[in-house]
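Q: Pasting the feature list from TrEMBL:
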type   : residues : note
REPEAT : 305-339  : repeat 'PPR'
REPEAT : 340-370  : repeat 'PPR'
REPEAT : 377-411  : repeat 'PPR'
REPEAT : 412-446  : repeat 'PPR'
REPEAT : 447-481  : repeat 'PPR'
REPEAT : 482-516  : repeat 'PPR'
REPEAT : 517-551  : repeat 'PPR'
DOMAIN : 740-816  : domain 'Smr'
Amino acid sequence: MSGAVDWIGSCLLRGRHHAHDTTTTMMGKVTGPEAQSLEAFVASPYSYSLRVFLPDARRGSGRLSTAAANPNKATTAPKKRRGEMLLRVGLARSARLRGGAVPLSLPLARRLSFEPPPPPDPEWTDTVEYLDETGALLSSAPGARPAVPGADPTILSGGSAHPLPRPAAAARIAALALRHRSGAPLSAALSALPSAPDAALLLLAASSLPASDPVPLTSLVAWARLQPWFVPSDDLSSLLAARLPPATHSSELLALFDDTLALPDPTAFPKTLNAVVSALATHGLLEPAFYCFKRLRDAGFKGLETPAYNALLSLLLTRGLAFKAFEVLDEMATSGCALDEGTYELAVPAMARAGRIDAARKMFDEMKKREGIGRAPAGVYSVMVDVLAKAGRLDAAMGMYREMVAVGHRVSTAVSTAMVEGLVRSGKLDAGMELWEEMRRGGLRPSFGLYTMVVEANARSGRLDIAAKLFGDMEKAGFFPTPGTYACLLEMHASAGQADAAMRLYHSMANAGTRPGLSTFTALLTMLANKSMLDLAAKVLLEMKASGFPIEVTASDLLMIYIRDGSTDLALRWLRFMGSAGIRTNNFIIRQLFESCMKTGLYDSARPLLETYVAGAAKVDLILYTSILAHLVRCQDENNERAIMDILSASKHKAHDFMCGLFTGPEQRKQPVLSFVREFFQGIDYDNEESAARYFVNVLLNYLVLMGQMNRARCVWKVAYENKLFAKAIVFDQHIAWSLDVRSLSVGAALVATVHTLHRFRKRMLYYGVVPRRIKLVTGPTLKMVVAQVLASLESPFEVSKVVLRAPGDSVLEWFKKPIVQQFLLNEIPSKADVLMHRLNVMFPSSAPEVRSLSIPRSLGMSR
């Protein structure tokens, strides 16, 4: 049977060009191997219903020969014929079929029908022609038509005819697509099909193609789209969209999307549009996927399904575009698309991390109530706990944490870490440590970050014992402490003054190969300085320098610590160490140390410091010079006085030249005292040094009074008052009240001001005849007794109240007329036995003013 079929197939291919000497043999029944070969031919896409007429040369007429006729006669009849006849079958297609010969695909497996011929049918379109050995036409009859797979019985199985199965026809189309793949050969093979496939058959063939290779599928669909019978199908388009890999066929996907959206009714293609958006989003093509989503939203398409939305949400959140993801989520709610578990797992953590905590909690509660979802995933719980804890909503975070445990989720280290960190950072260290212990009892191993945070939190809270224990546990657990952890512990121990523990940590850092930071070195050195461990501080400072840190500022800060603590000896030792190590300090600290040496009486150490200060291009201002002069006023030892005078000379300030000239005679000054004083005060910058000038006048008047130089003192006061250094000291209220305010003056300045002002009052009352109702001396509580005692020795009419000495103007006028008062006010004191010197001795007992009043005033620049 197989030989006969092969022969007939060859005849069909050759047409009617020529014939061969071949004997035609027809079998009436197919069994055995022939039946198996016949079953194999089912893979042919279409069969033709053939009616074969064998010509009888003797009678000149044809008779119908079928496979159902006598098989023996069909086999032996050709042998009895005088001439062997070669059967050539040609198919002439009608006008309504495609013109030309039909190229049939291999293998050529055409099935012959052995049933009796049916009556003529108008659907028959082709003709079977019988040729003789020379190629001449013997006869012809209608005998072929397009056979619809699954409808026309064209395949003989045993003794009955069956239609070609549609899966077999679809498999044959798929085989053609796989064989030719693309191009003209595939188009030719598909165009040669005897009848056009319908949409279902085309979809069945496309579905059977392998998903790993999209080329046959795209070629088959491209051919089908060019055919007039093609009608777009959502199933076929969605299959194509699902099979195309977006990485290499994104343009084809977008073209398919545009074509589908351009159809009159794009809502009839929901699977296609969903497949395109899902494919683009799943493969990470953000811009095309979001572009398609916007096109669908603008077109009012509401058919996007949950998987497509989830794929787009996942892509946007992965790229960090949470605001766009929320836009997609809002569109999902507007379109009425149902949220599934995947949507909730994407949306709830994203909203929580974006700060929309209330909305996230609302969606989380909705998720738990939704049927079919069950309990919320552990990841969603973890994110909610973490976000709530970091946002400071510790009660809500703890409630979510307890709920997570209650529903049966195993709490991860990350969740416990978030809770502990939230409690500790909010100041609830006790609650955080309770949760820490609970976590440890539950078998969870704390992370490195959690260990670090707990250790540092306890250290900063002053729980150094607990911090040290946790630090040891951290090292036993195999975690290498960071420099920050070391620094925190060391700094806290240093702040607490625990020098031994701090030094142990410092050496532990060095052994671990960790270099302390600048703040750690500073904290350690500050502690050592406060503990007066100067040698150890020097060692650590040199190690700090070896580590590459600048040490000048730190060394100067330690020097200031010694100075502020009053440890002048240690400060001098530390300064000598700085000099030996080549570390320089600033002039401000040098000045502070100089003043500290002056206060403690270390004048031998003070002078080199002042010389260093001057050599460092620092300017000795009037305040510093005045402070040295104040030490001279209070000095009791003659040797110390000489040392202070040397220091004054080393200051190189112009006030020192003024002091030297003030105590010399007019021959050396070449001008009177008053002119000399006025010249000095004219060189003062009152905008910047007014307060310094007042301070200088106060101290200088103290010194002049102690030295018995009342005339020079009164000149200094007069010039100072002229330059408005004490503008409100003297007030003349015409005939009502005159007053003198000495509350802001020193003792000597107050006495000089009182003498000079009373002298002015006397001249105005006696020479001009102006007598006020009263005269007030405003002294304040400090100077009240000093001024009162001086005036009481002269039997003055001034009455002493709380802070004021007052007297009527008439009484004061009578008092001014007394000779002793006149001598007192004119500074014509006859001898040391007079009252003024006696009172000065009472006021300054430690400075021996009675001795100085007898001695000749000497220049401050002269040695004693």
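Glycine too: its Cβ is placed from the backbone N, Cα and C atoms.
All TrEMBL annotations are machine predictions without curation.
How about a rundown of where these features are and what they're close to?
A: With DSSP classes pooled into helix, strand and coil, the tally for the repeat 'PPR' (305-339) is 26 helix, 0 strand, 9 coil.
For the repeat 'PPR' (340-370), the list of distant contacts is 306, 309-310, 313-314, 317, 322-323, 325-326, 329, 332, 376-377, 379-380, 383-384, 387-388, 391, 393, 396: same-chain residues at least six beyond its ends, Cβ to Cβ under 8 Å.
In the predicted model, the repeat 'PPR' (377-411) has a mean pLDDT of 76.
The DSSP breakdown of the repeat 'PPR' (412-446) into helical (H, G, I), extended (E, B) and coil residues amounts to 26 helix, 0 strand, 9 coil.
According to DSSP, the repeat 'PPR' (447-481) comprises 26 helix, 0 strand, 9 coil.
Across the repeat 'PPR' (482-516), DSSP assigns 26 helix, 0 strand, 9 coil.
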Q: What same-chain residues lie close to the repeat 'PPR' (482-516): Cβ under 8 Å, and 6 or more beyond its ends?
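A: Here the qualifying positions are 452, 455-456, 459-460, 462, 464, 467-468, 471, 474, 523-524, 526-528, 530-531, 533, 536, 540, 544, 547.
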